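Asker: For reference, Swiss-Prot lists these features for the protein:
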BINDING   His83, His182  heme b b562 binding site
BINDING   His97, His196  heme b b566 binding site
BINDING   His201  ubiquinone binding site
TRANSMEM  33-53  transmembrane segment
TRANSMEM  77-98  transmembrane segment
TRANSMEM  113-133  transmembrane segment
TRANSMEM  178-198  transmembrane segment
TRANSMEM  226-246  transmembrane segment
TRANSMEM  288-308  transmembrane segment
TRANSMEM  320-340  transmembrane segment
TRANSMEM  347-367  transmembrane segment
Amino acid sequence: MTIMRKSHPLMKIVNHAFIDLPTPPNISGWWNFGSLLGLCLILQILTGLFLAMHYTSDTLTAFSSVMHTCRDVNYGWLIRHMHANGASLFFICLYIHIGRGIYYGSYLYKETWNIGILLLFLTMATAFVGYVLPWGQMSFWGATVITNLLSAIPYIGQDLVEWIWGGFSVDKATLTRFFAFHFILPFIITALAMVHLLFLHETGSNNPLGIPSDSGKVPFHPYYTTKDFLGVILLLTLFMTLVMFFPDKLGDPDNYMPANPLNTPPHIKPEWYFLFAYAILRSIPNKLGGVCALVFSILVLALLPYLHTSKQRSLSFRPLSQTLFWTLVSDLVILTWIGGQPVESPYIIIGQVASILYFSIILVFMPIAGLIENKMLKW
């Protein structure tokens with residue numbers, strides 16, 4: 001088996017990626033989330049495939065086909081709730097994975113980091129078009145509001161919106177194409193994830209100290225396969241608890257009502273994992289400005305390698321930057337809360353302050369903190 005593992009063309013790729021891969025000996029549990037994201041992706045593709053077998057992408061039957069899946073298909077309710085809550089789990093792992101990358105300076109692997117940002121955009125697009133498919137009230141109005149944002153683009157905005165809709169409003173053509181996008185995008189994400197891994201294995205993993213660890217690397221198997229397996233067990237326990245006991249906790253009650261274009265919900269909002277970006281969008285009174293802020297709230301991550309001013313890679317020994325990092329995390333929690341609140345005082349001003357703080361920490365305070373810490377090293 002050992003000979004085949006190292007000589008067979010296909011097995012050799014697997015061997016270099018998951019078995020004999022030289023890995024830093026000191027990487028912590030925060031490095032588990034890459035493999036957990038892979039698990040989430042496989043889970044979403046499998047459950048989505050079974051849901052697609054019973055789904056019809058027609059405005060008249062989409063809602064009832066989802067209800068039919070829950071009521072009449074064997075374990076359809078379980079598959080549907082696993083898929084819906086799997087998206088939340090996916091984004092929890094994704095945000096922790098990005099947070100770990102920021103904390104330990106992994107963004108200095110530029111190619112890996114930029115492909116990661118592209119993966120984030122694609123995952124957000126997949127989740128958005130997927131949210132439209134059940135054709136409930138929030139699905140319909142969420143699709144209408146978010147796609148309408150493109151009309152803020154000068155000159156071509158309105159034409160672009162109508163082109164995406166396939167008509168003059170969100171209708172059958174929109175639903176059909178969103179289903180097509182939702183089906184194909186996860187496979188594109190899978191391919192990109194492999195490229196992400198390819199670039200990571202070119203440089204090797206970073207570690208909590210942020211220093212080279214070539215002299216002391218250990219094989220990935222059995223050390224980190226065992227460690228990842230523990231993460232998988234913990235994640236699946238949390239996930240199945242959520243699915244079995246609180247399946248609708250993270251959803252919107254409005255989505256249990258069929259879409260009605262004549263009745264607008266009192267408060268239109270996306271799923272919880274988009275609320276921070278939605279709060280940033282709403283904090284700017286100008287439509288085009290809001291859309292630019294929304295896109296830049298994610299794109300700003302691409303600037304991190306160029307804003308790195310510290311002589312140290314990781315935040316492990318940088319107390320000032322650590323304080324700013326956890327302030328940023330707290331700020332994102334506040335933005336998530338604000339995104340779910342109605343547009344009224346005091347939520348408007350809180351959202352605006354939190355949005356300014358979000359960009360200030362990343363673009364101004366963290367680079368300055370890095371320079372101050374460099375000075376402190378000389379003292």
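Each Cβ is built from the backbone N, Cα and C atoms, and glycine gets one as well.
I'd like these features described in context: how deep, what's nearby, how far apart.
Answerer: Sequence-distant neighbours of His182 (heme b b562 binding site) (same chain, 6+ residues apart, CB-CB distance under 8 A): Gly48, Thr126, Val129, Gly130, Leu133.
A simple way to gauge crowding: the CB of His196 (heme b b566 binding site) has 21 other CB atoms within 10 angstroms, across all the protein chains here.
The secondary structure of His201 (ubiquinone binding site), as reduced to three states from DSSP, is helical.
When Cβ-Cβ distances below 8 Å are used as the criterion, the transmembrane segment (77-98) is approached by residues 30, 33-34, 36-37, 40-41, 43-44, 47-48, 50-51, 66, 69-71, 116, 120, 123, 127, 130, 235, 238-239, 242-243, 247, 250-251, 271-273, 301 of the same chain, each at least six residues removed from its ends.
For the transmembrane segment (288-308), the residues of the chain that approach it from at least six positions outside its boundaries are 98, 102, 105, 107-108, 110, 113-114, 117, 120-121, 124, 149-150, 152-154, 276-278, 280-282, 355, 358-359, 362-363, 366-367, 370, judged by C-beta separation under 8 angstroms.
Remote same-chain partners of the transmembrane segment (347-367), defined as residues 6 or more beyond its termini with a Cβ less than 8 Å from a stretch Cβ, comprise 279-280, 282-284, 293, 296-297, 300, 303-304, 307-309, 321, 324-325, 327-328, 331-332, 334-335, 338-339, 341.
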Asker: Below 8 Å between Cβ atoms, which of the listed ranges 33-53, 113-133, 226-246, 320-340 makes the most pairs with the transmembrane segment (178-198)?
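Answerer: Maximum Cβ contact count belongs to 113-133.
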Asker: Can you tell me which of the binding-site residues His97, His196, His201 is spatially closest to His83 (heme b b562 binding site)? Compare CA atoms only.
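Answerer: Looking at Cα distances from His83 (heme b b562 binding site), the smallest one goes to His97.
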Asker: Cβ distance under 8 Å to His97 (heme b b566 binding site), same chain, sequence separation 6 or more: which residues?
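Answerer: Expected: Phe33, Gly34, Leu37.
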Asker: Just name the most isolated of the binding-site residues His83, His201, going by other Cβ atoms within 10 Å of its Cβ.
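Answerer: Output over binding-site residues His83, His201: least Cβ neighbours within 10 Å is His201.
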Asker: Which bits of the chain, at least 6 residues beyond where the transmembrane segment (320-340) starts or stops, bring a Cβ under 8 A of a Cβ in it?
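Answerer: That would be 99, 102-103, 269-270, 272, 274-280, 282, 310, 347, 350-351, 354-355, 357-358, 361-362, 365-366, 369-370, 372-373.
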